[in-house]
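K.L.:
My questions will all concern the structure given below.
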Number of protein chains: 6
Amino acid sequence: MRTDKRANDEMRLIKITDDFVKYPEGSVLIEFGETKVICNATVNESVPPFLKGTDTGWVTAEYSMLPRSTHSRNVREAQRGKLSGRTHEISRLIGRSLRSAVNLEMLGERSIILDCDVIQADGGTRTASISGAFIALNKAVKKMIERGDIEQSPVTEGVAAVSLGLVNDELLLDLNYEEDSSAQVDMNLVGTESGKIIEIQGTAEESPFERGKVSEMLELGFKGLEVIFAAQKKISDF
Amino acid sequence: MRTDKRANDEMRLIKITDDFVKYPEGSVLIEFGETKVICNATVNESVPPFLKGTDTGWVTAEYSMLPRSTHSRNVREAQRGKLSGRTHEISRLIGRSLRSAVNLEMLGERSIILDCDVIQADGGTRTASISGAFIALNKAVKKMIERGDIEQSPVTEGVAAVSLGLVNDELLLDLNYEEDSSAQVDMNLVGTESGKIIEIQGTAEESPFERGKVSEMLELGFKGLEVIFAAQKKISDF
Amino acid sequence: MRTDKRANDEMRLIKITDDFVKYPEGSVLIEFGETKVICNATVNESVPPFLKGTDTGWVTAEYSMLPRSTHSRNVREAQRGKLSGRTHEISRLIGRSLRSAVNLEMLGERSIILDCDVIQADGGTRTASISGAFIALNKAVKKMIERGDIEQSPVTEGVAAVSLGLVNDELLLDLNYEEDSSAQVDMNLVGTESGKIIEIQGTAEESPFERGKVSEMLELGFKGLEVIFAAQKKISDF
Amino acid sequence: MRTDKRANDEMRLIKITDDFVKYPEGSVLIEFGETKVICNATVNESVPPFLKGTDTGWVTAEYSMLPRSTHSRNVREAQRGKLSGRTHEISRLIGRSLRSAVNLEMLGERSIILDCDVIQADGGTRTASISGAFIALNKAVKKMIERGDIEQSPVTEGVAAVSLGLVNDELLLDLNYEEDSSAQVDMNLVGTESGKIIEIQGTAEESPFERGKVSEMLELGFKGLEVIFAAQKKISDF
Amino acid sequence: MRTDKRANDEMRLIKITDDFVKYPEGSVLIEFGETKVICNATVNESVPPFLKGTDTGWVTAEYSMLPRSTHSRNVREAQRGKLSGRTHEISRLIGRSLRSAVNLEMLGERSIILDCDVIQADGGTRTASISGAFIALNKAVKKMIERGDIEQSPVTEGVAAVSLGLVNDELLLDLNYEEDSSAQVDMNLVGTESGKIIEIQGTAEESPFERGKVSEMLELGFKGLEVIFAAQKKISDF
Amino acid sequence: MRTDKRANDEMRLIKITDDFVKYPEGSVLIEFGETKVICNATVNESVPPFLKGTDTGWVTAEYSMLPRSTHSRNVREAQRGKLSGRTHEISRLIGRSLRSAVNLEMLGERSIILDCDVIQADGGTRTASISGAFIALNKAVKKMIERGDIEQSPVTEGVAAVSLGLVNDELLLDLNYEEDSSAQVDMNLVGTESGKIIEIQGTAEESPFERGKVSEMLELGFKGLEVIFAAQKKISDF
C-alpha cells in the first residue's frame, strides 16, 4: 500500500478553488493532494509576430515555482536572470497541450496566456498545472463570449493531465513527491475527454523499460484523467 | 467618505492565515483588504560573504508580484532577465526593516530569508509584506529555538508597517489601489510596538507638501500600526 | 509515396564520419539524409556540485544549431544572451537518454559532456544528435579505458533515437523537414539495442490522436532503431 | 566637534563647476566636500511608451559610481550585467525628486535624462546628485527656451537635497563617509526653496528611533537646504 | 625548420569545400592546415537602423568557436549569456575587412551576414575566417545577381587575410597553434588582390619590437595572400 | 590647415592632472585637447585563476564612456546588461599594451587594474587612455614600493599611444572627432620610449591603402609619441 494509503490506481484528492485571484479573466487554485498551483488566464488583444495579420490566435503558458514551494529554497529565476531548462520545458508542454484543444482561428487575433505558479509542490506540478490551466482558459473564453469578443467557444474538448509511474515494480497513479523520487519509469499523459492523446511522455529514470508496459500505463492514465475531468466540470462546464 | 466606506483613520480588514505553505520554517498569507501576500521564511545555515567568520547572522528579503496580481499582466522579471528598480527597492526596504528588530549576533552565523510573493495587489503590498514577513520571521525563530539552534529569540520587538497618504487634501490610512493612484502625498511608515520609528518614507507625488503635515501623519500611522500589531499577535506572540 | 521516394517504413541514408574533429575524446559527424550534426564528447575530471564526493559520474549534453543550418537564419543564442526553450528541452533529452545507458558509478567522479552542433537541419536533428552522441560517448569511454582511467566500459547497452509521425493519415518513419512540418502526430522514440524504451514522446500537433496508434508507432520506431544500431556498429562496437 | 572641525549644523564646502562637459544640454560638477558628482542633462525628443500621444513630458535619472570612487574598487555594473538594488533605488529617488518640481505638461512630449556619475564618494552622493542634477536640469531648460522648443520654464521652484543623521546621539548635518558609517539614524531630505518637502526618508540603522526626533531633524535639514540653494543660485537662477 | 616541415615563408595547405551547407546564399568550408571554419553568407532584405532610408547596404560578421574546437573545451557563450571580448573583436574585424571591398551603395538596402563558425582551431582562425567569408560573400553576390536583386557585383576586389609572426627571432608565415603560442610578435594582415592594405594589426606579445621589422613583415604577408587568392579563385572568380 | 589650426604633425594640447581622485593607488585626468579621460589604477592582492600559484602578476584594464561624453547620449552598458564590442576591444588593447611594459614576475601575485573612464570624447579616447593609464600604473607602482610590497619597479620603459590618419589624402597626427569621422585610413600606434612598437593597428575606413604609406605613418606616429612622453614625465618619472 502507498504511504498515503491510496490504492495504486487512485488519484489524490483534487480541489479546485474558483476565482482565486480577482483580476485575471480566468483564475483557479488547483490542488492535487498537497500540490497547489495558481492558474491565471490573461486575454491579450495581440499575437506573437509570426501570427500578425493571419486572423489566428495563440495560447501560451508560463510555469514558475515560488522559491519555497519545495523542501529547500530555490534561488529565484528572476535573481539568476534566466529561466532553467526545466521551467522552459514545462511551460512549453502546458502551452502545447492547451493549443491542441483550441481552434485558434475561432479565437481571432488574440492571445490567451496561462500563468501557472506553484505555491506548494508535492509531485505532479505539471499535470496539476495543465489541468488547472484548462479551467482558467475555459473561464476566460466564457468571459470573452460574455463581452462579445467572440461568439462561440473555440475550445474543442476537455483537456487534463496526469502523472503515473513504475515504483518498486508497481504501476502507480498520480505520484506524490516521495513516489516520484524513487520511480523507475515516469510518465506524463495529457488527454482529452473523448479518450484521445494530446501528449505522452515516458522516461526511464534508472533503466530502460519494456515496450509492453506502455499500453498498461495508458489505461491507468486514462482512468486518472476521468477523475480530473469530473473535478473540472464542477467548476466550469466545457 | 471613502469608496469602501471606511473612516479616514480606519484600516482595511487584516487577515492572517497561519502555516499557508508547509515547507518553510515560517509561512503566512497576509491580507490587507483585497491585497494578499504569501510571506515565507527560510532559515539558511550560511551568511553572505561579508559576514563569514564574524559569528553574526543576516536577515534579507525578496519581494515579487505574480504576473496577474494586478489589473493588467506584467511581464515576469525572470523572463526579462532582470529585476525592476521597484522590486529592488521594496526588497531592500523589507530586509532593512526586519533587521532593525533582530539582534543579528544572537542569530549566530545563519540567514533568514523572507520571500514575499504578492498574489493579489490592491495597494499597500509593501506594508502588508513587512507586516506578514515579521510574523513568518518570528515563527521561524520559534522553530529554531525548538530545534535547539538558538536558546533565545533574537527578535527585540514587534515590527509592522502601514501606508497613509493625502488624498483630496484628506489624510487617509492604509490606502487601497484607487486611493493610492490619486494620492498627493504618499507615506510608508515602519514602526515598532513601543512606538518607535524604523523607517519613514514620505513622497510628494504631485506637488511638495508642508513640513507641518509630518507629525500629523506620524500620529495617524502609529494608530494603524496598533491595529496590525493586534492582528499579528493572534497568530504568534512576540 | 514520400517526396524523397522512400517507403513509409524506410530510414533516410545514415552516414557516420569518424574522428570528425581531432581534439575531443570522441567525435563523429552523423547524417540522417540531409540532416548533419557534429557530436563531440569531452571527458572532464569533475562533476556537478550535487555529485561531489559521491564517487559517481555524470553525463550531460548541449545541443545547438548553427545560425544558418535552416532555411532562414536564426539569431545566435549567444547574441540574445539566453538559450531558447527548445534548445534547453533538446539538450536535456539528449543528456537524460544517454545517462540511462551508462552506469554512472563505474564512471567515477568524472563528467562526459556531449556537444551536438547541428550544421544542417532537415528534420530529426534531436534523434540524429542522440544517435551520434552515443557513438561519441562510446569512443570517449574506449579512450578512457586506453588511458587507464577506468577498467571497464560503464556503457550498459546501445542507444539510438528515431522520429516518426502521422502525415496525411499515414505513419512515416524518420521524417524530413517537409514531412515534419505537416505531421498530425509527431513522436520521438529513444530505445536500446535490446528493444527497451528509454524515452517516448508523442505529441498531437493539430488534433488529439487515438490511443490505439501508440503500439503501431512503437513497432515502426523500433524497426528504425535497428537500422541506426547497424550504422553505429560500423564505427564503434558497444 | 566633528573630525573635519565642522559645527553639527554646518554643511561641507559646496562647489559647483559650470559647463563641466561640453556636449550635454546642461552639465555641472558638484562637490559636497570630498564628494564629487558629474551631473549631465540630456534633452530627448521622445518619451517613454506610457506617455506617447499625451502631450506630456518626462524627467528621469541614472546614477552610477566609477569603480574606484570609493576606498576599495567595485566591480562595474556593466561587467556584472546588472544594476545593483542600491543603484536602482537612488536613480529612482533622483528622478522622482526632480519630477516634483517640473510641470511635465509644459515640457511637451520630451524627456530630460539626468546622468549623475560619482567620481569620488565621501558620503552624501545621492543628495549631491539631486542638488547638482537640479542645476543641470535648469540649464537644459534654459537652452530649450533659447532654441525655441518651449516658451516658458516648466520648473516650478528650486530643489535640493541634504543628508543628516544621529551620530553618537548628536544630530549632524551633511554626513561624510566616516560619520555616515557610524550613524544610528540616517535621513535624506529633498525639499524646495519655499520650505516644502518633496521626499523624506529616515532609516534606523541600528535601533528604532523616537518619533519626536523627526521635527528636530526636519528643522536641521532645511537649514542645510538653504545653504545649497544659495550655492545653486550662483550658477543658474531659477 | 618548422615542426610541420614548412619553409618559413610557406603557407599551410589551403582547402576550400564549396557549398558546404545547402541553405545559405553562399557557403564554404575553408581549411588552413588543421584549422577548419564554416563560412556561411546570408542575404537579408533589411539593414541596421542607422542605414534605414539611405539606399545603402551593410555587411557584417559573427565569429564563433564550437566548444571543442580547441584542446580543452570552452564554455559556450550562449550558456554564459554573453560574448567574450575576443569574439567581439574578431567578429568586428571580419565585418570591417569585408565592408572595405564592397560598394555598399550598389548593394541597395540589404545586409549580408557572414557567419564564421570554427569547427577545429589550429591557429589562424581569424585569417581563415576572413578568407573564407570573402568567398561566401562573393557567392551570395552572384546569387543575388542571378535572382535579379542587383545587376552588378558590388565587390570591388578580392580580400584575404593571413597571420605571421616572429618566433624564436625568425619571421614565420601562417602560424599554427603551437607557433602562435610562442610568438614574440604576432601580426594579422588583411589585404587586397591589388596589393593594398585593408587592415594591419601587429602586437608585441612579450616585448616591444623594432619599427624596422614592419616592412619585412608586410612583404612576407603579401606573399601569403597571393597563395590564398589563388585558392579562392578555384572556387569562385572575383 | 586643420580646423583647429594645428600643423599636420602637431599634437593637441596635452594636460595631465595629478591625483585626480583620492582613493586609487594611482589617478590622473588626462586631456588630449577636448578629449578627457580619468585613469585610475587599483592594486589588488589577487590574480586571475590561470595565474594562481605562479608567482606572476597581471595588468588589466576596463574602458568606459560616460553616457553623455559624446554629441548624443549613449545608453549605459550597465543598463543594456552587456558590454559593446567596441568597449571590449579597447579594454583589451589597453591591458595588452601596458602588460608589454611590465615585468609581470617582478609584480608578484598581484593585479593592477586600470579604469579608463571617458568624461568627454573628441577623438583619440583609446590613445589618451593608454597614455594616461601608463602614468596611473607608474604611480601605483611607486606606492607599492613605498609600502614595501615590492622592491623595484617592474615597469621596463615608458608607454604611450597616439592616433593618426589619412584625411583628404593628407597624413594628420592626433585626430580629433571631426577628422576621425572623415579619415580614409585610421591608425593607432602604441610605442615605447626607446622607439619600439607595442601595437600597430591600421584600418582602411573607406578603401584599401598603399603598403608604402605604413613607414611614413610610423614616422609621424613616433613624432607624436615623443610629445606625450614629455608630458607624462612632468607628472611622474619612469
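Even glycines carry a Cβ here, placed using N, Cα and C.
So TrEMBL has the following annotated:
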- A:Arg86, A:Gly124, A:Thr125, A:Arg126: phosphate binding site (BINDING)
- A:10-140: domain 'Exoribonuclease phosphorolytic' (DOMAIN)
- A:159-224: domain 'Exoribonuclease phosphorolytic' (DOMAIN)
K.L.:
What residues, ordered by sequence, lie under 8 A Cβ-to-Cβ from A:Gly124 (phosphate binding site) and sit at least six positions away in the same chain?
P.N.:
A:Arg12, A:Phe32, A:Gly33, A:Thr35, A:Val162, A:Ser163, A:Asp174, A:Leu175, A:Asn176, A:Asp180
K.L.:
Which residue counts does DSSP yield for the domain 'Exoribonuclease phosphorolytic' (A:10-140) in the helix, strand and coil classes, in that order?
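P.N.:
Residue counts for the domain 'Exoribonuclease phosphorolytic' (A:10-140) by secondary structure: 38 helix, 41 strand, 52 coil.
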K.L.:
For the recorded phosphate site formed by A:Arg86, A:Gly124, A:Thr125, A:Arg126, name the remaining residues of the chain with Cβ within 8 Å of the site's Cβ center, in chain order.
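P.N.:
In sequence order, the nearby non-listed residues are A:Tyr63, A:Ile90, A:Val118, A:Ala121, A:Gly123, A:Thr127, A:Ala128, A:Ser129.
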K.L.:
Please determine which of the binding-site residues listed here (A:Arg86, A:Arg126) has the lowest count of neighbouring CB atoms within 10 Å.
P.N.:
A:Arg86
K.L.:
In the domain 'Exoribonuclease phosphorolytic' (A:159-224), how many residues does DSSP assign to helix, to strand and to coil?
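P.N.:
Result for the domain 'Exoribonuclease phosphorolytic' (A:159-224), in helix, strand, coil order: 17 helix, 32 strand, 17 coil.
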K.L.:
Grab the phosphate binding residues from the record (A:Arg86, A:Gly124, A:Thr125, A:Arg126) and give me their largest CA-CA distance in Å.
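P.N.:
Max span of the phosphate binding residues, Cα based, is 14 Å.
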K.L.:
I'd like the Cβ neighbour count for A:Thr125 (phosphate binding site), meaning other Cβ atoms within 10 Å of its Cβ, all protein chains included.
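P.N.:
There are 24 such Cβ atoms around A:Thr125 (phosphate binding site).
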K.L.:
Can you give me the average pLDDT across the domain 'Exoribonuclease phosphorolytic' (A:159-224), rounded to a whole number?
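P.N.:
Per the prediction, mean pLDDT sits at 95 for the domain 'Exoribonuclease phosphorolytic' (A:159-224).
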